[in-house]
């Protein structure tokens with residue numbers, strides 16, 4: 001039988017525990033401490049838990065909505081190659097780029113001269129008051145080559161400049177193409193639609209030679225819209241004069257004024273370290289200068305908010321015929337170059353190539369005994385370090401020189417024969433902060449003397465500084481090249497070149513073409529040219545390295 005104590009404990013367990021606690025009073029505080037040490041769930045902690053899970057589910061819901069319910073915008077389907085032909089036409093040496101249809105792919109603008117446009121639905125020469133043939137401006141899609149808009153703009157074009165939109169919401173006036181006709185027409189058309197923004201006759205007569213380029217100066221017409229105003233230089237006899245026009249309305253500001261120089265060649269607008277603007281112009285064997293402030297006061301008769309540089313004014317006042325530099329030889333090219341504290345000047349003459357300090361015009365370096373064939377271009381041979389490309393020598397004896405812009409030292413050189421009047425070189429920034437360079441030359445780099453000019457083809461070569469002993473021949477072109485540029489149609493992913501071809505003489509119309517080729521599509525079928533010993537990679541491995549190049553926009 002069960003003991004009485006055990007039976008009582010089974011029937012009254014709590015009572016039994018009370019007896020044990022009375023028998024062992026020393027154990028009581030320890031048990032109370034254990035009870036106190038156990039955390040008690042609070043209302044605050046429960047609220048925090050609820051808030052955490054609520055936030056988590058909200059984030060997951062938003063991700064779900066954005067990923068599956070709201071459709072992503074369609075990326076434009078970009079064709080690797082497209083071509084547009086015009087019969088019985090003449091092509092102008094002009095190319096411009098910008099996102100016209102706002103599909104985030106750069107589109108192409110160009111000029112050609114023809115009896116009528118390619119699209120029968122667009123306006124004819126007669127619709128705009130021109131006789132045939134006349135000049136048309138055309139905007140085509142960079143993605144597929146379709147015509148976005150096309151219209152006649154002048155009887156014949158002397159100057160054209162397009163102000164590209166900086167943002168997607170840029171207004172029409174600040175995003176326009178300005179066209180100066182040889183017969184006195186002066187028109188601005190919308191960059192996006194081709195519609196006329198304003199049109200006026202210019203103040204230049206038919207016997208005046210209009211000098212390039214069309215210069216832009218800060219907004220001075222007092223309308224306060226911030227649109228840059230326009231400066232056109234013209235030469236009549238030996239005298240150079242200038243006229244200012246409002247960029248927003250096209251109306252002339254004041255009257256024409258003489259610069260007091262007998263300049264010739266291409267003008268340049270230069271900004272000194274003090275912010276003063278000067279018009280630089282080759283004149284005989286010298287470099288002449290004239291301040292924008294003086295020109296504005298001369299043509300309007302009132303003071304402007306422009307600056308004059310005391311150092312430059314002192315040089316001009318102590319010179320004859322406003323000459324800044326003397327005994328230079330024939331000035332062929334003049335360029336503004338980014339410097340450490342502002343703009344420097346790259347001056348190319350018949351005798352030398354000189355980098356001048358942009359303030360005191362002292363030489364930083366000189367490359368003598370050169371015969372520069374074409375206008376220099378800039379690129380990056382080393383990461384984030386500017387280099388300048390010089391094409392030295394005659395066409396058959398041409399040599400490509402890459403110079404360090406800060407010192408003038410030669411970084412890379414390569415003989416590359418070309419045809420007379422060949423297209424210029426260009427460069428594209430790559431993701432490694434260097435540049436891919438594109439040069440035109442002859443297909444056969446060795447036996448050029450045995451070729452007849454009609455049988456010779458232009459070849460496009462690609463070079464990257466990470467492979468200094470390699471040239472990649474991308475394409476061959478037998479037609480006459482009017483204009484060329486390598487461009488980034490889409491950020492980081494769509495490098496291409498655009499080519500304008502047509503008759504060599506503007507007096508003989510013929511077939512003209514606009515062609516786009518994606519660079520990456522040309523690399524697999526390219527020809528690898530080894531310039532010397534040192535590369536152990538196979539041709540296919542080299543092509544693969546060029547295919548992996550990624551491009552970036554220059555800031």
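Every residue gets a Cβ built from N, Cα and C, even glycine.
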In Swiss-Prot, the N-linked glycosylation site annotation, restricted to 207, 392, falls on 392
Where does Swiss-Prot put N-linked glycosylation site, among 116, 144?
116
Transmembrane segment per Swiss-Prot - which of 8-28, 29-49, 50-70
50-70
Ranges 1-40, 161-200: which does Swiss-Prot label region 'Disordered'?
1-40
Judged by other C-beta atoms within 10 Å of its C-beta, the most isolated of the glycosylation sites 317, 476 is 317
Residue pair residue 116 (N-linked glycosylation site), residue 476 (N-linked glycosylation site) - Cα distance, angstrom, rounded:
31
If one measures from the C-alpha of residue 392 (N-linked glycosylation site) to the C-alpha of residue 317 (N-linked glycosylation site), what distance in angstrom results, rounded to a whole number?
36
If you measure residue 317 (N-linked glycosylation site) to residue 476 (N-linked glycosylation site) at Cα, how many Å is it?
54
